[in-house]
Amino acid sequence: MSTSARGRLSLGDIGLLILVAFVWGFNFVVIAVGLNSFPPLLFSALRFLVCALPAVFFVPRPAVRVRDLIGLGIVLGILLFGFLFVGIQAGMPAGLASLVMQSQVFFTVVLGVALLGERPRPLNWLAIVIGFFGIALIASARGSFDKASALMLVLAGALSWGVANLMMKKMPKTNMMHLMVWISLIPPVPLLLLSLALDGWSTIEISLVDMNWRGIGAILYTGLLSTIFAYGVWGNMLQRYQTVQVTPFALLIPLFGLVSAFLFLGEQHGVVDVAASFLILTALAINVWAPHLEAIFRSPSAKRLKSFRE
């Protein structure tokens, strides 16, 4: 481990982490733009094709089992982004999608308990309860079946992300960028076949023939910037610094997503959505800073204050 892993984040690395959060937050706007040019499954297939080729010929294969690469490629590439892209296409606002996808944090905790026997802190459970109420508020504001189904699709994407987190957790430590390049080989063909079955060849042909600069830009952004660059930087930071130093920057992702969707897509959100966003962001903050909060509550000064009140 690098010596900087126990030191403070440098200003340059702080800037890089903020940039990564922006790239991921703005990614939801880019997805919405790209879906104007391509059906969702074709768009996702093209995104991973750009991730894999030609990089796979220059990047060493990660030291993980082939079946693990295939499994992660299916869960992360086909299920996660398939559900997300279809959900946004079905009517889920891009800004809210950036927020709802962060429920992967809560799914990861619950799945860790169920499958790995992990024991979360009480504050982690509090965060899950608060986050659940936030999601419930968003669902209550989407009374029609179409809007509710779009939310369920994005939640299914978040659940898939939680499963992928556990799969990566059980893998040996490896270069995240190399891993993303190699698992990107898995999704293109299955996604293309699914798009062919659901959308038809004529729709795919028209999308490819009429491809414009917006569509090309969306593919390049989601493939190269959002995946290769952002995951590469994020993985590098996690290796160089402590997790608690890096993960709080993920809280900026839905903020950048909501603001970007407002500025570039003109998305407007009512009081219920704003309240739900506040609850989910609060839950994410509690989950990230749970160790620090518990340390504060158990500090000598906190105990003295408690005894004084008693």
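The backbone N, Cα and C atoms fix where each Cβ goes, and this holds for glycine too.
Here's what TrEMBL has on this protein:
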DOMAIN    15-139  domain 'EamA'
DOMAIN    150-288  domain 'EamA'
TRANSMEM  12-35  transmembrane segment
TRANSMEM  41-60  transmembrane segment
TRANSMEM  69-88  transmembrane segment
TRANSMEM  94-116  transmembrane segment
TRANSMEM  123-142  transmembrane segment
TRANSMEM  148-167  transmembrane segment
TRANSMEM  179-198  transmembrane segment
TRANSMEM  218-234  transmembrane segment
TRANSMEM  246-265  transmembrane segment
TRANSMEM  271-290  transmembrane segment
If contact means at least 3 Cβ pairs within less than 8 Å, sequence distance 6 or more, would you call the transmembrane segment (12-35) and the transmembrane segment (123-142) in contact? no
Residues of the parent chain within Cβ reach of the transmembrane segment (148-167), under 8 Å, 6 or more residues beyond its termini: 68, 71-72, 75-76, 79-84, 86-88, 90-92, 97, 100-108, 110-112, 115-116, 135, 138-139, 142
Surrounding residues of the transmembrane segment (246-265) on its own chain - C-beta under 8 Å, 6+ positions past either end: 17-18, 20-22, 24-29, 32, 93-99, 102, 234, 237-238, 277, 280-281, 284-285, 288-289
Is the transmembrane segment (41-60) in contact with the transmembrane segment (271-290), using at least 3 Cβ pairs under 8 Å (sequence separation of 6 or more) as the test? no
Among 41-60, 69-88, 179-198, 218-234, which stretch has the most Cβ pairs under 8 Å to the transmembrane segment (94-116)? 69-88
Can you work out which residues elsewhere in the same chain, 6+ from the ends of the transmembrane segment (179-198), have a Cβ less than 8 Å from its Cβ atoms? 39-42, 44-46, 48-49, 51-52, 55-56, 59, 61-62, 64, 69-70, 72-74, 76-78, 81-82, 168, 204, 227-228, 231-232, 235
From the DSSP assignment alone, can you count helix, strand and coil residues within the domain 'EamA' (150-288)? 118 helix, 0 strand, 21 coil
